[in-house]
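Below is one structure; the comments refer to it alone.
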């Protein structure tokens, strides 16, 4: 039963809640606003919040000076590519674990999780050398491979928790009605599994998009995704805040929107089902 | 009941993922272990030789290691302190009914989706810059001397940035846990005359304990290997004041090309992470049985 809440407490919490929300979101909002300023206005004191000459110049500059869309494409290829390959590997695995579990299923799941605990820096040296010797340094192929392996345990786990919620009785009922295995998969299981697969996909694109250890260490000019591209702003020449903001806004906007859509699945994906 | 045939099919379905993951884990790890016993510097090819535990001895007795270890612990501990306490408070607020709750929730989780290099550079320049930064302006507004964040308190500055990135994660998980708290229990406690504070201590906090543990463990895993934020703001400096273990090994490997030494460091990092992982795995494993 919902408890009656007084209007007064509701108003108070509205004020508190919005203040906190605004403060936490502020750096992002500030980046967004700064991206429309001239470089002079970006560093002005006192800061100009809304009343400045809005311009799209920075977005044009970022693209023309540094080939922004190449890096954007790299980000898309690497995050989507690694997620799709990961799903192709993980769907059958998670399916088998959820629908014909054996004594060892749990051990395999825990072991997969444990590979996630290995700090990246522990295998930095050999991976760097392998990449160097195989000509994979600064290639999208190399990064797709690494990110696939990094996120594979999370994908398997998330899918497993979703698949497990598909009740076995439905399968039995379908079988009783004479459905073949093929029909069972196409008409019964797939429609129930699609939402889980979709949210797994979303979360993993987000994680791969923002991954910033391997992308920084294994790429240079060619395959650098946005994480590494933005890092090049750490040694700037001249005025650059407005351009940094424009590049940042474009880098985070698509993923922020995806993140907002997947927020419900986020908790489950990131805690391996430990909190739902 | 799984038949023999379905069991075989299941094995085939699992094997690609399992085999690849196994190779991914074991091959580099064995190589790291092997390199860690060699004198091996990329700048001096052809001089590789077995030197026993010498790399470990150098790595573990280097004063930089202890500084980096301390920095790592402060970074992890400080961030955890801010995010867990902040997360609990935020979750409590967001759990109350108010106008525009859904939108505020979206605003609060937003930082989690910002890539580390962006958040580090935006904070370092536009917020924390000692002259033109927003914080400097606010400080002057109230008549204070602006803080030169990265010169005066470099490690704390990084903690602030990392905490901003992880606060949404803690909040979201704690909020989810909070919402699963039985409303009737709260009501009963209220009827029995429990005040807001004792309700929080005796009812809410115990209910959250499990989620708090999950937050601490998962964040620790990620925070042990904070890298990008350090790379783009301080490069580990000034001196080695913001160098953590991950960054120390990175410097040894890719800036000094000392493969042997970096590998020994890598193994040390793996051992440290495993201590944390041991507890996390047990916790999640327990959950799997329910």
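Glycine is no exception: its Cβ is also placed from the backbone N, Cα and C atoms.
Owing to the predicted nature of the structure, the values given are computational and were not obtained by experimental measurement.
Now, the feature entries from TrEMBL:
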- B:69-280: domain 'ABC transmembrane type-1' (DOMAIN)
- B:12-37: transmembrane segment (TRANSMEM)
- B:64-94: transmembrane segment (TRANSMEM)
- B:106-123: transmembrane segment (TRANSMEM)
- B:155-179: transmembrane segment (TRANSMEM)
- B:200-228: transmembrane segment (TRANSMEM)
- B:264-284: transmembrane segment (TRANSMEM)
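Proximity of the transmembrane segment (B:155-179) to the transmembrane segment (B:12-37) is not established, fewer than 3 Cβ-Cβ distances being under 8 Å for residue pairs spaced 6 or more apart.
Stretch with the largest number of CB pairs closer than 8 A to the transmembrane segment (B:12-37), among B:64-94, B:106-123, B:200-228, B:264-284: B:264-284. Residues 29, 32-33, 36, 55-56, 58-60, 65, 213-214, 217-218, 220-221, 224-225, 245-246, 248-249, 252 of the same chain sit 6 or more residues outside the transmembrane segment (B:264-284) yet have a Cβ under 8 Å from a Cβ within it.
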